[in-house]
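Participant: The structure is given below, and queries will be raised subsequently.
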């Protein structure tokens, strides 16, 4: 079998099975009781989508391991690679795009359809929206691919005559190659006129991946830039704002009464909005009010949870309070670790991507040295840094959803997550996972060199006509750093303070 590494194939199959089982576990434990024993199609989409997102993240470390199959060959084409990684990359991301733009919207439209309608009418309405989306996307992709679906590579024509093999080697800054003639040193003396542009048409799957990457990069830059700062700081400040002691029974009754009053007000508002929906009055103002009520309901649920923490009840009240204390200590530890990872990410982006030439390979060298310690240690650290970016995206979406009313909030709560929230977050993760992989392939180009991911996300994507300038001038990386810095300043100034009762109730200290 030559260089074909059967062990890597077996590991890939085992990992895929474990990822699928883990996602089923997440679905079962996070789903809302109202969705039990129903909504099977959305559940299948959730598990399948999460599996594709996790596998796509793990494929980059697998691509690096796949490259090792040819480490004894003179060049990569001289051996049989372990896995056809380029075909696998394109297949995974075409499936990713189909899920994001067609399957998940259909599942969400069907799930959120009017329950008073028949199943066929709900499917018909959802399918109509998806067909309209498909037609628009197909026309847009076809037109763009026909007009600008080409790759422009800058090349330089060089030529040199042959010389006798030297008896001694004498290289210096003045003599950088064999021989003294200009022809022999044309690589160093060639003028700008020797440069030309080599144009070729990209494949359609690569172009689809490229456009999906651009859409995902915009969301990744916004949500990821905000999330990479607020994710660790929110955990640390949650520990700072933790309840210091158990409140008295009289305080509990007072706070519970206020929360009950707020709950009744929200129920009245929700009933009025439901009545407007039945009458067909679903304009912009109605949608804005619905999102505002969803935000207030989420904050009210947080207040209820905080009140339960401050006044544990039952026979095991002391054990419950002890677990609460340990939970906040765990948040502190995770927040400190996350802060270290976030700082390392930002420093790496500045040192390796924004400064030309790079000051240091930084994390690339760290992963390589970890691989020297143990073969999979560097790969595991590499995968962790990639997964951390996805967590930052979800955290950033939640943070902006709470601050900005026009962004719908879809929180993930243990045992209380509806399928529409599941589908929204899976779609967000899938869309941003493409950009995370492209971002990691660029940020860790030294570690992942000579891989199929580098060919797709490095050379082809960054040379695509109309898109290459976004990467040439590091637009996404600069915006990412700016948003991360602004969020860090905002959280440092206001995140440690107790929340004021503006638009929500505030528990007594």
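Cβ atoms are placed via backbone N, Cα and C, with glycine included.
Bear in mind that TrEMBL entries carry predicted annotations, made automatically and left uncurated.
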Participant: Write down the single range among 126-148, 149-171 that appears in TrEMBL as transmembrane segment.
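Facilitator: So the range that TrEMBL calls transmembrane segment is 126-148.
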Participant: Kindly point out the range from 207-240, 241-274 that TrEMBL annotates with transmembrane segment.
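Facilitator: The range carrying the transmembrane segment annotation in TrEMBL is 207-240.
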Participant: State, in range form, which of 6-28, 40-60, 375-402 has the highest count of Cβ pairs under 8 Å to the transmembrane segment (422-447).
Facilitator: 40-60
Participant: Can at least 3 Cβ pairs under 8 A be found between the transmembrane segment (475-494) and the transmembrane segment (332-355), with each pair 6 or more apart in sequence?
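Facilitator: Contact criterion met.
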Participant: Checking distant contacts: for the transmembrane segment (90-111), what same-chain residues at least six beyond its ends satisfy Cβ-Cβ under 8 A?
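Facilitator: Residues packing against the transmembrane segment (90-111) from afar: 39, 41-42, 45, 48-49, 52-53, 55-56, 59, 122-123, 125-127, 129-130, 133-134, 137, 205-206, 208-209, 212, 419-420, 423-424, 426-427, 430-431, 433-434, 456.
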Participant: Does the transmembrane segment (40-60) reach the transmembrane segment (207-240), going by 3 or more CB pairs under 8 Å (6 or more apart in sequence)?
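Facilitator: No, the stretches stay apart by this measure.
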Participant: Cβ under 8 Å to the transmembrane segment (332-355), counting only same-chain residues 6 or more beyond its ends: which ones?
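Facilitator: Residues 228-229, 231-236, 238-239, 361-364, 385, 388-389, 392, 442-443, 474, 477-478, 480-481, 484 contact the transmembrane segment (332-355) from elsewhere in the chain.
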Participant: Using a Cβ-Cβ cut-off of under 8 Å, list the residues of the same chain that are 6+ residues beyond the ends of the transmembrane segment (207-240) and lie near it.
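Facilitator: Contacts with the transmembrane segment (207-240): 89-90, 93-94, 96-97, 100, 141, 144-145, 149, 328-329, 331-332, 334-339, 341-342, 345-346, 389, 391-397, 399-400, 428, 431-436, 438-439, 456-457, 460-461, 464, 467, 470, 476, 479-485, 487-488, 491-492, 495-496.
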Participant: Across the coiled coil (249-310), what does the mean pLDDT come to, as a whole number?
Facilitator: 82
